[in-house]
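Chemist: Per TrEMBL, the feature domain 'Response regulatory' maps to 5-119. Here TrEMBL flags D56 as 4-aspartylphosphate. If you look up TrEMBL, you'll see 137-242 marked as domain 'HTH LytTR-type'.
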Amino acid sequence: MKALEVLIVDDERLARARLRRLLADQADIRITGEADGAESLREHIRKHVPHVVILDIEMQGEDGISLGHWLAELANPPAVIFLTAHREFALDAFSARAAGYLLKPVSAAQLIDALHTVQRPTRATQTTNQDAPLPMLSVLAGRRSRLVPADEILAFRAEDKGVTAFTRQGRFFVDDSLKELEARFEPAGFLRAHRAWLISRAAVRSIERDAVGHHWLEMDEVGEPVPVSRRQLSRLQASLRP
């Protein structure tokens, strides 16, 4: 049987080394690499997706819960086992579809047992899951990352240097492209209104037409009219009919 591939993610070098030692004698478990944060995790995942990611929750920069949600949105995501020193993160961890949740300091027996009980996800099992939660958006608020659920997002606007997310909690800059956001949020009711705008159908109040024939959306809490391109007009009108 092929060894279970594991990626260790923790911003503390000694913590990563300890996890390696705990798994050193397990012939059926192969550590494919280590990451010390969000950037190095994404670099590893771009090259190869392991069966399991062991992910520390409390890290500098983007935290483990946010990264767990990002991993869960991959086309063929790995199982994620969260590690933390605090019990109160359990609910957040399982909202990110955690396969396991272990409290530090974890023992070798606990870690090995958690890995052996992981069901290796496949593309088929992921695409047939009808109960998947709404996608979440990871945003940076000050120096901490936070998660915004899809039903609190009103629209996304593409700009020269990135994308602005309009949410019920305020406006946030996000690194994803509008195309990436469309692929992730379309199942949650998001539509293109314009090449620069992706909108939540639920947040639209009305479609208006001005004196020169241009169409605009009036939306909840966005604070400005949203342009509608001719290309997207008929699709938007059809989707907004009761």
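Note that Cβ sites are derived from N, Cα and C of the backbone, with glycine treated the same way.
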Chemist: What is the number of other Cβ atoms found within 10 Å of the Cβ of D56 (4-aspartylphosphate)?
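Modeler: Taking all protein chains shown, D56 (4-aspartylphosphate) has 24 Cβ neighbours within 10 Å.
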Chemist: Within the domain 'HTH LytTR-type' (137-242), what mean pLDDT does the predicted structure show?
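Modeler: Over the domain 'HTH LytTR-type' (137-242), the predicted model scores a mean pLDDT of 86.
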